[in-house]
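Annotated features in TrEMBL:
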DOMAIN    A:6-153  domain 'EVE'
REGION    A:74-94  region 'Disordered'
COMPBIAS  A:80-94  compositional bias 'Basic and acidic residues'
Amino acid sequence: MTARKRYWLMKSEPDAFSIDDLEKVGTEPWNGVRNYQARNFMRSMQVGDGVLFYHSNCKEPGIVGTATVSSAAYPDETQFDPKSDYHDPKSTREDPRWSLVDVAFERKLTRTITLDEIKQHADALGDGFALIQRGNRLSVLPVTAAQWKFLLALE
DNA sequence: GCCAACGTTGGC
DNA sequence: GCCAACGTTGGC
């Protein structure tokens, strides 16, 4: 039995990993997430779920493309690697603390749907769109089917 | 580069 | 279990 397709927004700093990088490699393990809430969202993802690819911490923050979840959650290898920036000495192979999913490139948007523009549509998006909630820093967050449709219609 | 917001850590 | 200190995120 397959659950109904769900939707997510995932942030990445384009200097570190951009939508162009994803297009080049095709599929990428979404490593380095070290926030429990974000991790829990990834653990609940299913193959085929839709992803809005968001560029953060850059000149023009916003949604730049779409991707799909292409694996179930599995342990993030970087947590075990002492040489990695994402190394977590408190995590063990027996009981891994951090998980990730693979994300597959779908398409680039013809233009960036900017954060500024998204904020202007806060009413239409409804309360609780985590991206534009005050002070929110979550790097992985859920998007409803209605929000997905609305946001992509702005393109 | 600044800084507000927020999560985590660790002393007590 | 409180909370101050600290580190990180991310818009500006």
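Glycine is treated like the rest: Cβ placed from N, Cα and C.
Sequence-distant contacts of the compositional bias 'Basic and acidic residues' (A:80-94) (same chain, at least 6 residues past either end, Cβ-Cβ under 8 Å): 31-32, 34. Looking only at the domain 'EVE' (A:6-153), the predicted model's pLDDT averages out at 94. For the compositional bias 'Basic and acidic residues' (A:80-94), the number of residues in each DSSP class (helix H, G, I; strand E, B; coil) is 1 helix, 0 strand, 14 coil.
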